[in-house]
Number of protein chains: 2
Amino acid sequence: MQIEFLGTGAGSPGKFRNVSSLALRLLDEINSVWLFDVGEGTQHQILRTTIRPRKIDKIFISHLHGDHIFGLPGLLSSRSFQGGNGPLDIYGPRGVKEYVNVSLRTSESRLAYKLRFHELTKQTDGLIFEDDKFSVYAAPLDHRILSFGYRVVEHDHPGELMVDKLAQLHIPSGPVYGKLKRGEVVTLEDGRTIDGRQMIGPAQPGRIVTIIGDTRKTANTLKLAENADVLVHESTFGKGESKLAKNYYHSTNVQAAQIAKKANVKKLLLNHISARYTGKLVYDLEKQARTVFPNTKVVKDFDMIDVPFQKG
Amino acid sequence: MQIEFLGTGAGSPGKFRNVSSLALRLLDEINSVWLFDVGEGTQHQILRTTIRPRKIDKIFISHLHGDHIFGLPGLLSSRSFQGGNGPLDIYGPRGVKEYVNVSLRTSESRLAYKLRFHELTKQTDGLIFEDDKFSVYAAPLDHRILSFGYRVVEHDHPGELMVDKLAQLHIPSGPVYGKLKRGEVVTLEDGRTIDGRQMIGPAQPGRIVTIIGDTRKTANTLKLAENADVLVHESTFGKGESKLAKNYYHSTNVQAAQIAKKANVKKLLLNHISARYTGKLVYDLEKQARTVFPNTKVVKDFDMIDVPFQKG
Ligand SMILES: [Zn+2]
Ligand SMILES: [Zn+2]
């Protein structure tokens, strides 16, 4: 599991940062890539990575401002053109479906795969997706228009069956192993009773990644970020600009760090960086945030951040 | 007057060619830039040129395929963000207005300037714009969807009043000069009659640029291209692929060259080059076309081609 940043700028594309998009690379886990926001030029950025568009099977949109969605129709078309034929799910605020459908209809783009829309409303607050490996939660943030934060939770990996221990106890292999692995209590042919739960190693806690799009400081961010391994948070303004941030419905680097600390996350990644910040000023953004939350990094386009398992 | 190519590729963006867009730079003539097609990432390409988005006051769309329009909403938004406040005219096939309006409405983009749409239909054939300096003509081509070629005609510059000759004839300066310049016949106070038309130098013929978007070989191209100084023509396929070109509603390099020759243009620029053509193959495309029409060039992104006046 890695997070690859495709666009880390704010508002409009600049020479050094594209508009918003990031890829949650789940290739080792489920052979998929999930995108969060698709600003204009995201497909161009992807050309410079190892991501194959056909692997993208979920897209989560934080909000409908142009710098977060104007790359969507082009990406969807190119995915088809490049042989993608598996279904693709799009999660995002109400309106994303009409925008995509009008764009595809106007351009007479026929996709070789099924698009499934999951529109979110201001009532949305909680689980929006679940399978046997992952759950995704969404909650509204506080932006000029409806904007969502997402929390991706990997399910815990159950502990391994301790085959060495079973061998020591001279328990013969066979269907009984499956029952023990599922934690059942088993009576062997020789009369012994074995509790499966004692034959299983410790579970490996799943990882949690929280991605917070454009927003003011708000309680829902804290809820979504709780105990996350990685929190990606917007940082449109710098220290001392909280008034500006509030007026423009954005956050400062220090506000993001305060949330990271309070939510007990392990790592904070700051993105949505204004083009005003270059060189030393970026370094300062990071330094200011680190006084509140030391494990902070201001990311740039094409940064690839690993999300490791925590020691159990 | 120059043509600056912003995207010279076909279909989807590649590493070396972006999707379609070109700028007709009329800065010396009318302090404006006109865009022809706006594929995704056009605003990113513009960042790498000296073009200021606020100078763009007309956009002509050949057809509504995604590789020709998906950069439009982003460009329009950024133009506003970067201080553009003069009105902007968009010419293109019916449907462009709904696409732009839904994109801007979905993203809650408020433009600081007036957008004026001029939608073209399959009945459109002839003059679509005229002011004191330029006329623009459009005619339908032959593509999978309605596609237009454009002919931009600069009006002739009237000849200069030959003041040396007037001085030789001892004609005193004054309001009479204005009348002579307009070609009127004037009777002087001393009784002489002077024909203004004989006091004016030769007119400077205006320049003609024809831009042909995606199309099969078709008669309307010939009509639009007649005697043009520069013909920009798509060249999706190479020599020997005219069957493929027909099936996909495109043209070959050789077909474009045949039209250039027949239409008596002065220079042919080939664009809309498939990503299959790289290195030596691009050179071959050019070479094949030159056997039919010698003054041919296969353009690449950021090529800037001057359109000089012809000697009168
Ligand atoms: Zn934004
Ligand atoms: Zn095309």
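Just so you know, glycine gets a Cβ as well, placed from its N, Cα and C.
Unlike curated records, TrEMBL annotations are generated automatically.
Checking the candidates A:D28, A:D125, A:D214, A:D229 against TrEMBL: the one annotated together with A:D67, A:H68, A:H272 at the Zn(2+) 2 site is A:D214. Taking the C-alpha positions, the distance from A:D67 (active site, proton acceptor) to A:H143 (Zn(2+) 1 binding site) comes to 14 Å. Here is what falls inside 10 Å of the CA of A:H272 (Zn(2+) 2 binding site) among the binding-site residues A:H63, A:H143, A:D214: A:D214. Only A:H65, in sequence order, out of the binding-site residues A:H63, A:H65, A:H143 have a CB under 6 Å from ligand 1. Checking the binding-site residues A:H65, A:D214, A:H272 against chain B with a Cβ-Cβ cut-off under 8 Å leaves A:H65.
If you draw a 10 Å sphere around the CB of A:D214 (Zn(2+) 1 binding site), it holds 27 other CB atoms from the protein chains shown. Listed in sequence order, the residues A:A10, A:G11, A:V19, A:S20, A:D37, A:G39, A:S62, A:H63, A:H65, A:G213, A:E234 complete the 8 Å Cβ shell around the Zn(2+) 2 site centroid, once A:D67, A:H68, A:D214, A:H272 themselves are left out. Rounded to the nearest whole angstrom, the C-alpha distance between A:H143 (Zn(2+) 1 binding site) and A:H68 (Zn(2+) 2 binding site) is 13. Annotated Zn(2+) 1 site A:H63, A:H65, A:H143, A:D214; additional same-chain residues within 8 Å of its Cβ mean position, judged by their own Cβ, are A:S62, A:L64, A:H68, A:R144, A:I145, A:S147, A:G213, A:T215, A:Y249. Residue density at A:H63 (Zn(2+) 1 binding site): 26 other Cβ atoms are found within 10 A of its Cβ, drawing on all protein chains shown.
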